[in-house]
Every structure is written in C-alpha cells, then in structure tokens.
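Read through the structure below, which is laid out as structure tokens, and then see the notes.
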Amino acid sequence: MSLDINTKLLLVFSLFCFNVVFAGESGARRADLGMEGFEQHGRGLGLSHYKGRSSHLFNVKSFGARADGLTDDSKAFRAAWKKACQAAGEVDLVIPKGTYLLGPVKFAGPCTNVSKITVRVKNVKFVGTNRTVVRSITSVNSKFFHMALVECKNFKGTKIKISAPADSPNTDGIHIERSSSVHFSRSLIGTGDDCISIGQGNSEVTITSISCGPGHGISVGSLGRYRKEGDVSGLVVRDCTITGTTNGIRIKTWANSPDRSAATNMTFENIHMNNVTNPIIIDQAYCPFASCTPMGTSQVKLSDIYFKKIKGTSSSAVAVTLECSKGIPCQDIYLEDVHLDLASGEKQATSTCKNVRAKYIGTQIPPPCA
C-alpha cells in the first residue's frame, strides 16, 4: 500500500504523555534551528520557546521507522514516544514523510514525570506538514491546547474527540495558525476554551459537522495583538451544533493593534445553537484581562462576513452582538435567516451594534439593530 501523503495517522494504541509534535522535515529543521519567523500569538502557541535553544527532537527514524509508505512503523512510534516521555519540558516527535501508523490512538494528559514539566504544553502539534490526514484520535485533559496546526498545508482531520473540563483554562480543542487548505469534520469537542480557534495567517479553512460544548464556541482570533500578523481569508464553518457554551460563533480582535491586518470572506452557515450565551458575536475590543490600557482601536479590518441559517436558543438577552472597530468599521456583514429565541422562553432576544451597518436578508429574530 503506497501513501502519497506527508503523514498518515490511522493510529492503533493508547498513549499517555504530555506533548507530541508531528513535524514535516522543514518544520523539524525550523524547530532545531530556532523558529525565527514566528511570534508568540494570543495566549501562546509555545513557539517562541524554540528560539535560541535546541529543542528535544525525537525522530521516529532513529527508533527503527522505515518511513517508506509501506511498513507499519507503529513499534518505532511507540518507542520514540516512550523516550520522549522521559525528557524534561516540551518535546518534538518528528514524523517524516511516509510514516505509516494504524489506529485509533488516545493522547491523555501529562505523563508520570509531571515534576519535569517546565512549560504549558499541547497534547498534539503539527508543524510544517503537507498533505496530512488524521482520523479517529482522542485527546483528553491537555494542559494547554489539545491540537495545534502551524504552517501546515492540505490537512484533513475527521472523527476527532477532544475533552477537558469546562473550567479548565486555555484548553482550546484545535488551534490553527498560518495554515492553508485545512478541513476538520465530524468531530466532538468539549473544552474549557474555544472548541476551535482560527488564528492569524490562515486561508481556505473549512470546518463542518462539529459538535462543540462545553467551551467558548468556535472562534476567529484573537487577531491583532502582535506585529506582522497574516490575514485570514476563505473560512467556512458549516453544519455545526454548539451547546451550552459562552459564545457560539465569535470573531475577536484586540484593541490597540500594533499593525493592520484583515479577516475577510468568511461564511458561517447552518449552525444550531443550544442555550448559548453569545450565539453571534463580533468583538473588536477583545480583552481577556481585568483591564487593557491604553485602549486604541483595533486595526483588523473585517469584511465580507456571512451569518446564514443561525438558529436555536440564547441564554442571554443579547443574542447578536456586532461590536466593530471605530478606527476601521466592519464592511459587508450579512445576516440571513437568523432565528435565535431566548432559552428561558421569556420576551424576545435583542441585538446590539457598533460601527457597522449590517445587511439583513430573510428572517431576523432578534430584530436588527436600530
């Protein structure tokens, strides 16, 4: 059986450790030499710690993997994982082109040497891979993001299960950054943070048939916190169910952005909300801290954004919040066939808008902003 993908994970055993990085060959070299092109983003992808030091790299080839697209390399993978678990701090498990594994696999929390953990780490991270397929993996109780993609191309993930307590901070289910042609589908995600977060520099990302909750919903951002962030374009989120989360579909950008960037051509369609606090929210004054000063305006331009067939219930009185930047107001924001009732059944939900003139089509419950 020949494989024409960079990494194929059809995965066969349970793994209990604290971090793994699947790095394409170029990604592995960047990790080894220092990630000069990366700035730490948002609450931190943990990329900046590569700078100025050699990371713990465990290449499965060194443990007997053939990586020929024909041989089952599960034994080598297991041996490399065991060795990685004995290392202090964050480790990188390098999976070269042609590595062939059989599944399913489970990534679960930290390994037993938790006293050696010196940084918050992700259960799974993909760096610089191309044409990767991931299917039927489970991640539970990560100490940070469960899965992160950085500079990946042509990535497909399906039948993924992610679980963490609702009160566990910074446990984003899937974070995607500086990647293109990414598709996640048919997955169950419940965390203490964003089920899926779309960071800066992404293009052509498609999210379909995701069940999200608990957590903070499906988010674009946060964007605009650091210099030289890439634009976001071509995002599609479709046929998803969001239950009991603090947000539904959220776009969040920081005020006082140091540079200009853009997020454009994004569609959110056929999303069902069950008792969600903020079903639709654009927040261009995002600040997760007690205070953020000085408070300039966000320099992230939001345009060509479509909310279509968003239905269900809101647990808060304001079901639609469109708070755009005073410095760069939102443009071409469309709401089509939105029907969000109050979960309590009392009165009717409302909308609030700042620095935007949205365009409305079809059913609008709650009513459009005055």
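Indices start at 1 and increase along the chain as displayed.
Even glycines carry a Cβ here, placed using N, Cα and C.
What TrEMBL says about a protein is an automatic prediction, not a curated fact.
For reference, TrEMBL has these:
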- 1-23: signal peptide (SIGNAL)
- 58-102: domain 'Rhamnogalacturonase A/B/Epimerase-like pectate lyase' (DOMAIN)
- His216: active site (ACT_SITE)
Check the domain 'Rhamnogalacturonase A/B/Epimerase-like pectate lyase' (58-102) for me and report the mean pLDDT. 70
By a simple count, how many Cβ atoms lie within 10 Å of the Cβ of His216 (active site), its own Cβ left out? 24
